[in-house]
Amino acid sequence: MTSVVDSYCQSQLFDDALELFEEMKRANIEADKFVLSSILSACGRAGNLDCGKAIHDYIIQKELVIDAHLRCALVTMYASCGCMDMAQQLYDQMIPKNVVVSTAMVSGYSRHGRVKDARLIFDQMVEKDLVSWSAMISGYAESDQPQEALRLFNEVQILGIRPDQVTMLSVISACANLGVLDKAKWIHLYADKNGFGGSLRINNALIDMYAKCGSLERARNVFEKMTSRNVITWTSMINAFAIHGDANNALRYFQKMKEACVEPNGVTFVGVLYACSHAGLVEEGRKIFASMINEHNITPKHEHYGCMVDLFGRANLLREAVEIVETMPFAPNVVIWGSLMSACQIHGETELGEFTAKRVLELEPDHDGALVLLSNIYAKERKWKNVGDLRQLMKERGICKERGCSRIELNDEVHEFLVADRNHKQAYEIYEKLNEVVSRLKLDGYAPNTGCVLVDLEEEEKREVVLWHSEKLALCYGLINGAKDSCIRIVKNLRVCEDCHTFLKLVSKVYRREIVVRDRTRFHHYRDGVCSCRDYW
């Protein structure tokens, strides 16, 4: 019986394994600890917590001895299903704790965003194997802590542990999130030297990594050298063009994909529609959305309708964006209302903006973006009491507007800056450089745009707030410390504001520097006073 259950589990037929156990119970066949362990494994891998709890109850009811093997299976099942309190309780009773069950705990905590708890277990492990290292690296990579993931990978190398494909995929993902091109080049070189160069999955991940690190050229080089390509390969390349604002190539590669007889999937269409949206190609976007349904028989999901709302919203076709929201076959989610809300914010549509912000808050009462937008709308209308009430509400709920943060890498070191940051060791020189840059730009007609500062401040204070944005500080650090002809690469966690966008264009012209900025949604390539987005972002 154990071999049959194992066979089902190895074939990922978890429901069949669970049904077999139910048949055993109906036939009054006693299950031994090996069968129970296999069934618990099936529950964990299928994410079936109710069934797992029922097996646990069965074990208690039958007064079976929970030995180390069975306890390990229970911990792994609860951890896999995300029931970490129960997993921790059983784990604490295990003496000694083996590497398999400890790794299951690390994976469980990581999967559910509790990376500190995962690291606590990881650090207590006496013995660690590649799987446990990979689990912890993956935890950091997926929890937006890419620097920690790469730090751990460095430890793996020092220990002489050879990574496998799973580890490398997590490392590549971490580097993509970090957005540091020099690190990306090194990881690519490492992957090739260690025999991963021929892996389809690795190459697909490298395309995505290079795109997110600002090098469309290197992403394309990986693509062109691949001897075999699947739908993920083509989709990754299309997405790469999309986030860099190269809609023409995104559409060209979409056509080439179809000519290569590779059928696009729903994710591919998200990438193509995204490209149209960020380039203002409204009619092309309409046609592609229709072809997805009529030619490729793909039923649109929330993300596709979200792209269409974004497409119309960016083009200031707000009536059509609202029509999409009202006629789509299911209720709009936070993302769709959020897209419409952002469009209202960009185009100054305060009445519709207030309406959409309130719809967002109905679905997600603590949504900081919607609360801030409402506050900004009231501030524009100089309704300072409403602004104060909203800010008090945010304070009571512990909701903070996400602070702008920019990072730049120089000499293998990543430097992070917040708004008005004075914690950097070169803070004095950075602000001196900023004053110098502002003075030079003013000769070219620059005047700080304080329109985005929607708080009750004096005009001079507003100018200071705008000038101290994090990307300006990162830029000045790059001007001070980078080689004169080098490209300055910055990663920003929020959308670049209008003033910073103008500022960066002028710096690229006056200082004759190429500047690449990755903001929350796309890349901006500044050269000779012009941005690749053509001021449509």
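Note that Cβ sites are derived from N, Cα and C of the backbone, with glycine treated the same way.
According to TrEMBL, the feature repeat 'PPR' maps to 1-31, 98-128, 129-163, 199-229, 230-264. Taken from TrEMBL, the feature domain 'DYW' applies to 445-537.
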Legend entry - Within-chain partners of the repeat 'PPR' (230-264) [C-beta distance under 8 Å, separation at least 6 from its ends]: 200, 203-204, 207-208, 210-212, 216, 219-220, 223, 271-272, 274-276, 278-279, 281, 284, 288, 296, 521-525, 532-534, 537
Legend entry - For the repeat 'PPR' (98-128), sequence-distant contacts whose Cβ falls under 8 Å of one of its Cβ atoms, 6 or more beyond its ends: 68, 71-72, 75-76, 78-80, 82, 84, 87-88, 91, 135-136, 138-140, 142-143, 145
Legend entry - the repeat 'PPR' (98-128) - residue tally per DSSP class, helix then strand then coil: 23 helix, 0 strand, 8 coil
